[in-house]
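Undergrad: First, the structure itself, so that you have it in front of you.
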Amino acid sequence: MSSLSVPPPQCLLKPFVSPQRYMFGPGPSNVPPRVLAAGSQPILGHMHPEVLEVMDDIKSGIQYAFQTQNRVTLAVSGPGHAAMECAIFNTVEPGESVLIAVNGIWGERAADMAERIGAKVNTVIAPAGGYVTNEEIEKALALHRPVMFFLTHGESSTGVLHPIDGIGELCHKHNCLFVVDSVASMGGAPLYMDKQGIDVLYTGSQKVLNSPPGTAPISFSEKACEKVFNRKTKPVSFFLDLSWLANYWGCDDKPSRMYHHTGPITGLFTLRESLAILTETGLEDSWRRHQEVAEYFHKGLEEMGLKLFVQDKKARLPTVTTILAPSGYDWREITAYIMKTYNIEISGGLGPSSGMVLRVGLMGCNCSKTSVDMVLEALADALKHCHKSKV
Ligand code: PMP
């Protein structure tokens with residue numbers, strides 16, 4: 001007689017095989033064989049010299065990808081949300097005023113996170129598919145006197161690429177840190193952390209970088225570090241405390257690195273390989289390819305009679321395209337048909353674009369005219385075969 005009250009789960013006795021699929025939604029994107037191979041290497045200790053060297057290489061790769069000289073540059077162990085919380089929890093103390101640009105779900109979530117730590121949250125709101133102007137931002141900075149302004153560069157829920165130029169200067173004029181989410185845009189659209197006066201910038205591993213989800217590059221300017229390292233209160237999260245993370249990543253003046261948590265070794269190997277690919281490709285060539293492929297895609301969609309959700313051409317995010325859901329169709333039937341027939345993932349809307357759009361993400365190795373042709377063919381076929389109401 002066994003002493004166990006929970007029997008062995010039969011489901012685990014069958015193998016799991018992950019199917020090949022074209023990951024053309026807003027993320028995660030496909031992981032190329034070279035990156036998968038990097039992740040299949042033997043596990044080492046998280047403080048072994050080889051792993052510390054990988055971490056240093058990652059730091060250099062992030063500095064290149066972000067175009068920054070910041071010393072405090074590292075990868076958070078966790079998805080994009082972890083980097084978001086790392087940025088907000090470290091730069092803001094309870095009771096402080098923050099300003100958040102909301103033009104999609106990521107601004108909404110940043111506001112929620114700031115509220116949870118007791119910040120006074122103020123927002124500047126743009127309609128879904130639009131963005132806030134520098135004039136509106138400056139007015140709100142003067143009115144609310146925030147310590148931090150949060151902006152999403154690539155709003156993957158609406159498909160907007162938010163203009164950045166000039167905002168860093170405005171923030172600094174008003175003695176405020178400029179925090180930017182580039183989870184969906186980094187590597188796919190021009191971004192210059194230092195030149196654009198960004199104080200905290202973060203991204204994710206699973207979009208343009210084509211790594212598995214679970215690591216999130218982040219960097220803090222000297223100005224941001226000054227505030228973070230002179231806080232009156234401890235950040236609410238031990239795990240995301242920048243003092244600990246900066247030491248673990250060898251970004252501080254301390255003579256040795258201390259154990260903080262066990263980093264995702266495999267995720268570090270894959271992130272290093274993805275950053276190596278970006279380095280070989282060249283950042284500017286990567287930006288250029290995403291822009292060219294996006295324009296080719298948008299032209300093809302318009303030739304099919306489909307309409308883009310973002311009116312202003314300059315504000316169209318090259319990595320994630322939002323297409324107005326074709327009228328008369330159920331968008332769910334379209335995405336399901338394309339998945340079933342072509343093994344391609346595209347997705348519906350999110351947050352303010354929910355039910356209104358189809359979202360197609362072509363990022364990193366998925367960003368090619370061949371992928372565009374596949375998606376256009378699948379969409380044209382779906383529009384022929386899916387049910388169209390007459391009303
Ligand atoms: N910000 C943006 C702009 C995103 O697109 C995403 C992911 N869709 C996130 C943050 C959150 O990233 P994750 O899902 O890796 O937590």
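Note: Cβ is positioned from N, Cα and C throughout, glycine not excepted.
The feature substrate binding site is assigned by TrEMBL to ARG359. Per TrEMBL, the feature domain 'Aminotransferase class V' maps to 22-351. Here TrEMBL flags LYS207 as N6-(pyridoxal phosphate)lysine.
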Undergrad: With Cβ-Cβ distance below 8 Å and at least 6 positions apart along the chain, what are the contacts of ARG359 (substrate binding site)? List them in sequence order.
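TA: Once residues fewer than 6 apart are set aside, ARG359 (substrate binding site) is near GLY25, PRO26, SER156, GLY159, VAL320, THR321, THR322, ILE323, ILE346, SER347, GLY348, GLY349, LEU350, SER353.
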Undergrad: Can you give the mean pLDDT for the domain 'Aminotransferase class V' (22-351), rounded to a whole number?
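TA: On average, pLDDT over the domain 'Aminotransferase class V' (22-351) sits at 97.
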Undergrad: Quick one: what's DSSP say for ARG359 (substrate binding site), helix, strand or coil?
TA: strand
Undergrad: What is the Cβ neighbour count of the residue listed as 'N6-(pyridoxal phosphate)lysine' at a 10 Å cut-off, with all protein chains included?
TA: 29
